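Participant: For HIS98, ASP100, HIS155, the entry in Swiss-Prot reads Fe cation binding site, with the evidence type sequence analysis. Taken from Swiss-Prot, the feature 2-oxoglutarate binding site covers ARG165. The feature domain 'Fe2OG dioxygenase' is assigned by Swiss-Prot to 80-174, with sequence analysis given as support.
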Amino acid sequence: MEYLTHSLIDETEALQIVNKLKAEKSSWQDGKKTAGSHAAEIKSNFQLDKNSKLSIELRDVIVNKIISNPLLKSFTLPSLIHGVMFTQSLVGHSYGSHIDNPYMPSGRSDLSFTLFLNAPEDYEGGELCIQTINKTEKIKLSAGEIIIYPSTQLHSVAEVKDGERHVCVGWIQSYVQNNEDRNFLFGLDAGAKGLLAKHGRSDELDLIFQAYSNILRRLGD
């Protein structure tokens, strides 16, 4: 399984978002409302109402940050970023092992992301656990860091033992649905851009960019 972690916003901006979320008193909902029938049985958290003024404001900020980041754009090839929500997990909250729905009312889920909004020392537990064939990856990032991973993976959120966990989650519908194809293109793009930075433009490099573009046309939706 290939996943990417990256700093999306700085810690100051992340703290400002958390403070806004904490100040919002009337727009929080039981997280079970947005889960499927099976997932609702194993999900406990609070989610900011997607239609609230604050949710729309913050969602636009996060989506714009993702699509304007060259590395994330190359890794995800985003056609649509959707289902973005802000969640709060208190002591005792968790989310058992589950798989994201392949198709949601808002779009197809090729990639899932979690943006950690508060510092890891602010809470105990609350790790994002992504299950692979051989092991379970436990991930708890610094404030402002994002992880993007295939929606095809089973994953869970460990129980929060102390403090509060604040994150933003969402899904990406990619122009290239297949994970292996998308990772291949990511490597090719990174290599070509590295050669461009090191050696400048050349006829040979133009052929590599041409190959990348035409492969994307063939593999894309």
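Backbone N, Cα and C atoms are what each Cβ position is placed from, and that goes for glycine too.
Distances, neighbours, how buried they are, the whole picture for these features please.
Facilitator: The number of other CB atoms found within 10 A of the CB of HIS155 (Fe cation binding site), across every protein chain shown, is 22.
Under the three-state DSSP scheme, ARG165 (2-oxoglutarate binding site) falls in the strand class.
Per-class residue totals from DSSP over the domain 'Fe2OG dioxygenase' (80-174), listed helix then strand then coil: 3 helix, 59 strand, 33 coil.
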Participant: Across all protein chains in the structure, which of the binding-site residues HIS98, ARG165 has the highest Cβ count within 10 Å?
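Facilitator: Per the Cβ count within 10 Å, the most buried is ARG165.
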Participant: Please work out the number of neighbouring Cβ atoms within 10 Å of the Cβ of ASP100 (Fe cation binding site), leaving out its own Cβ.
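Facilitator: Excluding its own Cβ, ASP100 (Fe cation binding site) sees 20 Cβ atoms within 10 Å.
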